[in-house]
């Protein structure tokens with residue numbers, strides 16, 4: 001039962017506490033270039049190459065440097081084989097410990113902790129040796145990043161590079177992860193997200209208030225409220241997105257009546273009836289009823305329309321269809337109410353599409369005669385030309401008609417030049433021997449072209465060709481150009497284009513409006529009736545002109561005259577509408593008259609109660625007497641509300657007409673403003689000026705009156721506040737680094753730096769004494785700029801850097817008697833006395849008497865160390881008894897098992913006080929007989945013939961647990977147990993703490 005209660009108590013102690021964040025300390029590099037342990041000797045007897053392993057501990061900020069305790073438990077890595085420089089990486093050596101190390105914190109975390117690091121040299125043969133330690137006080141927030149690292153120097157001069165950060169857990173925010181915030185979107189917890197910087201509530205869109213529980217209604221929501229964002233739930237009798245529209249009485253005619261409150265019906269001017277259903281000015285209220293016609297009101301809700309040309313029907317809604325029957329013979333008809341247009345089929349023209357279009361005037365027949373057809377034309381080519389447009393000359397030499405000669409092509413002919421003397425004739429096809437005296441003008445020999453006359457009389461050499469007009473050349477094959485290049489000699493009239501034809505001929509291409517062979521005849525376009533809508537056609541030389549009837553315009557009178565565009569007098573945003581002879585004005589609601597100049601009096605029949613009616617455009621407004629409000633001035637006015645809309649833009653965020661500078665209190669027919677300390681006046685709009693001496697006179701430079709709204713106190717450095725009444729705490733921003741206390745001063749602060757840090761903010765560590773070049777001595781800077789220093793050495797060292805052990809035996813002080821040999825040791829000496837043994841002081845070879853006492857060194861060896869050992873042993877036994885229950889359970893689980901031949905590690909929680917045990921080797925009986933040495937979990941070497949082991953009373957207990965090694969006699973103890981063998985350099989505890997970062 002007691003065991004159960006004990007285990008429950010332990011479970012409560014170790015139950016998890018919710019973590020608000022995680023500190024991460026990343027160890028990046030360690031460097032010990034000298035390869036030495038703390039006493040200056042090499043880590044390895046065979047050379048200065050260390051096998052470092054590391055012991056880490058998290059503990060409280062500013063824990064004393066001399067303390068080697070660790071309430072959270074030590075973390076020990078494996079060793080790094082023969083490395084004076086270690087790059088740690090993501091995992092520490094040997095035992096699967098992740099790097100960076102992590103430590104959970106809660107909301108009470110202040111941002112400061114201490115990391116304690118010991119560095120040991122692992123040596124399985126001679127025992128582990130202490131190298132160095134680091135005590136680092138640090139400040140960490142979520143603003144730090146692991147990528148930014150700092151380098152620190154240990155007590156013995158080693159260098160370690162460390163990075164740090166604080167990562168907030170889910171739902172925790174702020175630089176110290178101290179603010180808890182969980183996003184919600186419900187009507188119980190609120191509607192908000194969390195500010196990623198400080199964890200403050202950020203209301204979701206549509207919510208406001210301290211808990212983001214109040215929905216924001218639609219802007220301008222009146223006569224209603226909301227239970228969801230951007231909505232407006234109307235009270236009875238109101239409607240609209242902002243509940244600003246009243247609901248009229250049932251059956252109230254919307255054209256003639258309106259409501260000015262819930263469920264009533266008031267008639268507009270010119271309307272009557274219980275539900276305002278009677279329209280007394282129908283045409284004024286319905287200007288479009290007659291379309292383009294003229295409306296005449298004939299009674300209640302009645303009118304008569306007089307239609308314009310081209311329209312018919314009760315409301316002039318039907319246009320007269322002039323296309324029925326269809327007047328367009330070869331095309332389609334388009335009705336224009338007062339006229340029609342024919343869209344002619346291809347090849348036809350005139351009003352009704354009856355005349356075939358003459359396409360020849362615009363044809364491109366180059367050397368031919370145009371033959372017109374419906375929608376097209378063809379070209380009859382002149383002799384010697386071909387092609388659709390007769391623009392290609394025929395090559396009579398292709399194919400070649402000349403049998404033995406060369407063919408020469410001419411227009412509409414060719415000539416053969418016989419190159420073979422054996423052949424003659426037109427085509428060089430007749431044998432010369434058969435025609436000794438040919439007739440060159442005969443059919444077989446005649447080469448004259450284009451109707452030329454062949455003559456052999458007196459011909460040189462054989463015949464002559466007499467050419468017709470329009471041709472020239474020896475064979476009359478060259479065409480003469482009948483269209484001279486000089487425009488003044490152009491045979492065509494009216495700027496027509498002259499086109500040369502074969503022979504003595506040409507053709508004229510006429511400009512629009514002309515016809516005839518020489519384009520001299522004017523075309524009478526009026527014959528085609530081009531003028532629409534009864535327009536009168538007048539022909540003139542080269543064209544025509546249409547004189548349009550009233551209401552039409554354009555070249556062919558097809559466009560309706562836009563009287564509105566010519567300048568209309570329709571007023572008050574009325575719409576101008578064209579008709580046949582003029583225009584009419586369609587008035588907007590609220591106006592009437594021919595030009596919409598008359599504003600309909602909307603105040604007719606309106607009762608404004610405590611006010612008077614002011615007519616508007618299609619509306620009215622009751623101007624209430626002071627102290628009243630409402631559509632009918634029947635509600636007493638709350639001036640703090642009614643005036644708010646007028647000033648809210650000028651004073652955003654204000655809750656009253658007094659703006660952000662005052663608070664409004666409603667009075668009967670008025671209000672009163674209570675102003676803040678900077679403003680005065682009826683509406684808190686009059687600023688307090690410097691003449692009123694508002695500033696704290698002792699803390700200001702001067703007071704300046706503002707240009708527009710207020711005064712300004714120009715504070716002396718170090719003061720703030722509207723009146724410079726606040727002394728700025730310069731320490732509030734934590735300017736002092738590396739744990740230095742900060743003292744606020746007037747416009748300044750003072751950092752009391754912890755050595756070796758210097759400078760205004762204790763950030764300056766540029767000192768020649770870090771790392772300590774004086775080894776075990778005390779270093780003092782001489783000149784930081786030159787890097788010089790002085791070393792004050794302890795009595796047992798010497799040298800510029802205290803690097804040499806002082807040989808006490810050679811100082812000439814005769815420390816030992818003449819019959820004793822003096823032997824130097826590191827830091828001391830001893831005498832090889834003739835009479836050795838108990839009661840002999842090894843430093844003087846004198847018998848120790850009760851009155852004489854020991855020397856200082858002897859007192860250390862014979863008194864201080866045994867007392868410390870006794871106290872440590874007592875503490876270890878107490879801890880052992882406290883956890884004996886757990887040990888018994890553990891032992892029972894391990895019975896009948898064979899322990900491995902590997903090292904057993906010491907429980908770090910039990911061995912916290914290992915530094916107080918004297919330096920000794922594993923077989924030093926002074927240690928092995930010590931109960932703390934066994935209860936701490938040290939595995940003894942099983943050696944039957946070693947009385948130093950077998951005589952230890954704890955040996956039997958360990959053997960019974962089968963935890964004693966079954967190995968060689970000299971198998972070394974584990975790394976954790978070796979920590980008891982720390983050297984006697986306990987004075988390192990007095991060295992300064994590593995720099996805060």
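For all residues, glycine too, the Cβ spot is worked out from N, Cα and C.
What TrEMBL records for this protein:
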SIGNAL    1-19  signal peptide
DOMAIN    166-212  domain 'DSL'
DISULFID  168-177  disulfide bond
DISULFID  203-212  disulfide bond
DOMAIN    279-317  domain 'EGF-like'
DOMAIN    319-354  domain 'EGF-like'
DISULFID  344-353  disulfide bond
DOMAIN    356-391  domain 'EGF-like'
DISULFID  360-370  disulfide bond
DISULFID  381-390  disulfide bond
DOMAIN    393-429  domain 'EGF-like'
DISULFID  467-476  disulfide bond
DOMAIN    479-520  domain 'EGF-like'
DISULFID  510-519  disulfide bond
DOMAIN    522-558  domain 'EGF-like'
DOMAIN    560-597  domain 'EGF-like'
DOMAIN    599-634  domain 'EGF-like'
DISULFID  624-633  disulfide bond
DOMAIN    686-725  domain 'EGF-like'
DISULFID  715-724  disulfide bond
DOMAIN    727-763  domain 'EGF-like'
DOMAIN    765-803  domain 'EGF-like'
DISULFID  769-779  disulfide bond
DISULFID  774-791  disulfide bond
DISULFID  793-802  disulfide bond
DOMAIN    805-846  domain 'EGF-like'
TRANSMEM  859-889  transmembrane segment
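Shown here: features listed in TrEMBL, placed on the structure.
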residue: 168; record: disulfide bond; CB count, 10 Å: 21
residue: 353; record: disulfide bond; CB count, 10 Å: 21
residue: 381; record: disulfide bond; CB count, 10 Å: 21
residue: 467; record: disulfide bond; CB count, 10 Å: 20
residue: 476; record: disulfide bond; CB count, 10 Å: 23
residue: 715; record: disulfide bond; CB count, 10 Å: 21
residue: 769; record: disulfide bond; CB count, 10 Å: 19
residue: 774; record: disulfide bond; CB count, 10 Å: 23
residue: 779; record: disulfide bond; CB count, 10 Å: 21
residue: 793; record: disulfide bond; CB count, 10 Å: 19
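Residue 791 (disulfide bond) has its Cα within 10 Å of the Cα of these disulfide-bonded residues: 802, taken from 476, 510, 802. Residue 344 (disulfide bond) and residue 519 (disulfide bond) have their C-alpha atoms 27 Å apart, to the nearest angstrom. Sequence-distant contacts of the domain 'EGF-like' (686-725) (same chain, at least 6 residues past either end, Cβ-Cβ under 8 Å): 677-680, 746-748.
Within the chain, the domain 'EGF-like' (356-391) has long-range Cβ neighbours (under 8 A, six or more residues past its boundaries) at 345-349, 411-413, 499-503, 505, 507, 509-510, 512, 515.
Residues of the domain 'EGF-like' (479-520) grouped by DSSP class, helix first, strand second and coil last, total 3 helix, 13 strand, 26 coil. With a cut-off of 8 Å between CB atoms and residues at least 6 apart in sequence, the same chain places 492, 493, 494, 496, 508, 509, 510, 511 near residue 519 (disulfide bond), listed in sequence order. In this structure the C-alpha atoms belonging to residue 467 (disulfide bond) and residue 793 (disulfide bond) are separated by 142 Å. In this structure, 203 is the one among the disulfide-bonded residues 203, 510 with the smallest number of other Cβ atoms inside 10 Å of its Cβ. Using Cα positions, the member of the disulfide-bonded residues 177, 624, 774, 779 nearest to residue 724 (disulfide bond) is identified as 177. Annotated pair residue 633 (disulfide bond) and residue 802 (disulfide bond), C-alpha to C-alpha distance, rounded: 102 Å. Around the Cβ of residue 212 (disulfide bond), 20 further Cβ atoms fall within 10 Å across all displayed protein chains. Comparison of 166-212, 393-429, 479-520, 522-558, 805-846 by number of C-beta pairs under 8 angstroms to the domain 'EGF-like' (319-354) places 522-558 first. Residues of the domain 'EGF-like' (805-846) grouped by DSSP class, helix first, strand second and coil last, total 3 helix, 12 strand, 27 coil.
One residue stands out among the disulfide-bonded residues 177, 370 for having the most other Cβ atoms within 10 Å of its Cβ: 177.
Panel annotation: around the domain 'EGF-like' (560-597), residues 281, 284, 287-288, 292-294, 308-310, 338, 550-553, 616-619 of the same chain, lying at least six beyond its termini, place a Cβ under 8 Å from a Cβ of the stretch.
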